[in-house]
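To start, the structure itself, in structure tokens.
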Amino acid sequence: MDQEESRVISIFETLGAYFINIFYNFLYKNALYKKHSIVTEYQYQVKGYILGVKQNKKLYEKMLDSFYKYFCNITQINSKTLNFSNFVSTIVDSFIPKEYSQSISLEKKESILELLLCDYISNLGTFITTEKMLPFIIKNRKENYHKVTKEMQDYSLTFLLKKRMELYNKFLRKQAYVEPETELEETYARLSSYNRSLLHQIEELTSENKSLLADLSTLRKKYEKRQSEYRRLVQLLYQQIQRSSTSKSSYPLTKFIETLPSEHFSNEEYQKETPADQKEVVETELLRKQELLTSQELTSKSPNNYPVPHSRTIVSKPSDNYPVPRSRTTKIDFDNSLQNQELHTKNGFSEKDIVEFSQDKPEEENILAIKQDNPEEEDILAIKQDNPEEEDILEFNQDKPEFNQDKPEFKEAVLDIKENILEEENQDEPIVQNPFLENFWKPEQKTFNQSGLFEESSNFSNDWSGGDVTLNFS
């Protein structure tokens, strides 16, 4: 061990002896005068002393002055030779390297000494109040005096040497660090680094903002496109409903339009707030137009689009869907006549014999005369002449010469057929009106006479001298 190290250890042992005396003797005596238990009171005294030295400046100065006097007495150095500033320098120089001792001012040395002493007192007081040391300090003090003080001195010297090593390392690290020339340069360097970090954050936020603006523009375009499509669809829906409204029982068009959002509807009539009376007038007008459209659609969809009949006879060409007023001789009669002709053919009668038989009847001549005067009936006869079934029957009769027309059986069969026809003519058949014509043409009370025609006035029936008119339907 060199001389410098022995000097340092001597100073550390002197420092430890002073504070061990305070903890072991002075604080113990103060604990005896209190009413609480000695152990508890001693712990309070130790904690109070540590806090007082750290927090109370006057108590610290008083403690330091007492230690200065103790140090002078132990070292046998005259106080005039070792003043207080030299005392502080001597204690601090034992903890720091020599090359830094002269560069440190007295004020910094005093602050270093204060930190060292406060840290040392705190650790020593904690060690003394442990369960290992506290019983030896309170009980059997005389027997345990040397043992307790020896352990306290060893702990004190170990802690001070450890603290000296820490301060040495700090000064060496500080020597390797190049300090800035002035505080202004240090502040500038710190702010420059912070400014660079802020600029980097600004760039990131700017790029993110541009990306969000681009997304917003895309969404706005999509929104405008869908709004335009929505308005177009609403307008088409309005037009479609206006065309397809067909009856009074349908949902009123104005009520449906009022449920649509007005800001997306281009019809100005419904965007404006109109009075209730005006809305009723508009709705009534729309319903009237709907009825007119309905009637036109039904007329256009009717079979062959029949006009209202203007002649004295019923329409000669009925539709397949609606029945018409029938005369005493209808299509059913015509079918029956065809069946009778087939029956005559089977019985050996030809159509020629039937015609000769009918020439003896003046009533049938009148019927033919009436048919010749009626142009519409001529069309019906023309249709009958074109019937292929009758032509086939005539051809069949001509091919059968074996049938004798002068047989008495033939004449009896003709009489039976005539009686059947008269019985069928006397039967009253119901006259059915066409419901389709009733919707568009409602004449006054018209009646049908025995000829199967309806009478419009009294003069109409007087024009006919007699005879029945037979209507044949193909």
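Here, residue 1 is simply the first one shown, and the rest follow in order.
Every residue gets a Cβ built from N, Cα and C, even glycine.
What Swiss-Prot records for this protein:
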{"type": "TRANSMEM", "residues": "7-28", "note": "transmembrane segment"}
{"type": "CARBOHYD", "residues": "Asn73", "note": "N-linked glycosylation site"}
{"type": "CARBOHYD", "residues": "Asn83", "note": "N-linked glycosylation site"}
{"type": "COILED", "residues": "183-233", "note": "coiled coil"}
{"type": "CARBOHYD", "residues": "Asn195", "note": "N-linked glycosylation site"}
{"type": "CARBOHYD", "residues": "Asn209", "note": "N-linked glycosylation site"}
{"type": "REGION", "residues": "294-324", "note": "region 'Disordered'"}
{"type": "COMPBIAS", "residues": "294-305", "note": "compositional bias 'Polar residues'"}
{"type": "CARBOHYD", "residues": "Asn449", "note": "N-linked glycosylation site"}
{"type": "CARBOHYD", "residues": "Asn459", "note": "N-linked glycosylation site"}
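Sequence features, as recorded in Swiss-Prot, placed on the structure.
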residue : record                      : contacts (Cβ under 8 Å, 6+ apart)
Asn73   : N-linked glycosylation site : none
Asn83   : N-linked glycosylation site : none
Asn195  : N-linked glycosylation site : none
Asn209  : N-linked glycosylation site : none
The correct three-state DSSP answer for Asn209 (N-linked glycosylation site) is helix
